[in-house]
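In what follows, a structure is listed as structure tokens, so that the remarks can point back to it.
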Amino acid sequence: MNGFSIGLFLRRPEFGAALSFVAVIAFYVVFGGVSLGALFGAASWINFAANLGIVALPVGLLMIAGELDISIGAMIPAGSMSIAILSGYYELPIAVGMLGALALGVLVGLVNGFLTVRTSVPSLIITLGTLVAVQGLVLAGSVILTGGASVPLEAPAWAKAIFGQLILGKFQVIILWWFALTVVFGFVLHATRYGNWIFAMGGDEVSARNAGIPTRRLKIALFVLSSTAASFVGMCGAILFNSAQVSGGMNYIFNTIVSIVVGGVLLTGGFGSIVGIFLGALTFAVVNQGIYFTDIDRNWSNLIIGVMLMSAVLMNNTFRQMALSFVPKRKR
Amino acid sequence: MSDNTPILELKNVDKSFGPIDVLHDISLKVRAGEVLCLLGDNGAGKSTLIKTLAGVHKPTRGTILMDGEPVEFSGPRDAQEKGISTVHQFGGTFPLMSIGRSFFVGVEPTRGWGPFKVYDRKTANEIAVKAVQDFGITRIDDGDRLVGGLSGGERQSLAIARAVHFGARVLILDEPTAALGVKQAAHVLRIVNEAKRRGLAVIFITHQVMHAMAVGDHFAVLIRGAIAADFRRGEKTREEITDLMAGGETMADLEAQIETYMQSHEGQPPPPAQ
């Protein structure tokens, strides 16, 4: 049982994700004529993966806990508009804008969380409501306060260095945030008791509550985490691009869910891993952005994403069955 | 005389939800090292009774005594802390979690300090496997296996071992054998006997008379929320108990009726009641 074992690796939730990642790259190399050097030297897909990945981590935790948050689609523009209006239009210090953006994330997360634990309405519907509501709030607020739907923002150098610079002229600094957050989330989910609580809650909420887990508080915390993370991504985007728009972000809903599911998380909860979610975002980014490196017409990319999603889900199902029936050979 | 004081006793307990009376005047007691079998058909109020015992519901009238002292449970957690553990039909376990992890849900062992307290997988697995093996389930020897890969009987055993490990004195088993095959059910019944041997008070809920007769010391039959019969081991036969559960109408009578009908209608069974 010590050391590396194929059996142990096979029953990990991220196995399917690792396989899809390799398979997608192999597909592009073989059929698209992509050179690996060009792909790994390019920033576009890693930038894409980092923005997606930061949102996918907490949403993935929510999914493991048996809930879903699609309001992130509105929270990304909400985050960038908050900081742009506060620090760009009203010229308040950038720190105030950041706090404002994150505070809005916390607030929306609290609303999502409280509504989910207090009612029996599925979180998909509740966050659909907050998705649309936040969209409206941001658009109307922006037009009333600034008279437009796009606001410029000039961030000071220190803020740009931490949240919105381009390393080597092309890699967004948010990639480092993504790596760091992956480590933190991985530690929390897999090494602490809170991670165990999240799995238990997603597996059987009633039993988890009977075992003394504060399921309500935990769930609210997870919702706060996901909308704050989305707001953070929006905030970093505004600092990087020196402006914010009310539109955009809707693609994230679909992209996040796909990358989480490709990453081996069970849609109904109770199973998944952070490495899987990380690899899922990476795989999704390669499919989505890698097509530009190929000779393939990029109109095909959605077809490839669809096929990849289906095969990933089927594969993950198979691996989960294997994991369930896996019995290590007995030592005699 | 402390040996004779029941661990858990219900005295004239009623439970109603609004205008609907679910339990009437229930009085029960269970002592250490004794198995009380609660028999009843579907809808007889078994679930409500279990939930009242486990602290989910508060009795509308009447008292619950533990060790002769009246108690009131503020919730399932409180009842658990006082030593009452409920194991549900499917074990109440988490199919996609490892044995070690699900054994310690909510009370995970950790090592390290401060924010770096790490879940101690090795200790958790060792304790969980040992606890289950002590109950005679030697087939479970790897705490990393997923619970969903275990058989129904093994899952029940895991849940019972868990309850005992965390200091349960009263074990409420809610239809533990209902979904199991013959062999698996025998497995669980052995575990029930082992729990009894260790001095636990067991409340065994079932509608399978055979299973009840195999382990029970004391029997109570529940019909429409009231105790219809209360007797000790050996005082009634299997047929008598089945008849009681069917609501007084004897099974033999029913069979005879159907038989007569079929004879007079060319072997056709009676049509369903309108």
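Just so it is clear, glycine is given a Cβ too, placed from its N, Cα and C backbone atoms.
Because TrEMBL annotations are produced automatically, they should be read as predictions rather than curated entries.
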Listed range which TrEMBL flags as transmembrane segment, given the options A:68-95, A:124-151: A:124-151
Long-range Cβ neighbours of the transmembrane segment (A:15-39) (under 8 Å; 6 or more residues past either end): 9, 45, 262-264, 275-276, 279-280, 282-283, 286-287, 290-291, 293-296, 304, 308, 311-312, 315-316, 319
Same-chain residues near the transmembrane segment (A:220-243), Cβ under 8 Å, at least 6 residues beyond its ends: 51, 54-55, 57-59, 61-62, 65, 67, 69, 71-73, 75-84, 88, 94, 97-98, 101-102, 104-106, 108-110, 112-114, 116-117, 123, 150-155, 159-160, 163-166, 172-174, 177, 181, 198, 249, 252
Folded-back contacts onto the transmembrane segment (A:300-319), same chain, C-beta under 8 angstroms, at least six residues removed: 10-11, 13, 15-17, 19-20, 24, 27, 258, 261-262, 264, 266, 283-284, 287-288, 291
Contact between the transmembrane segment (A:45-65) and the transmembrane segment (A:124-151) (at least 3 Cβ pairs under 8 Å, separation 6+): no
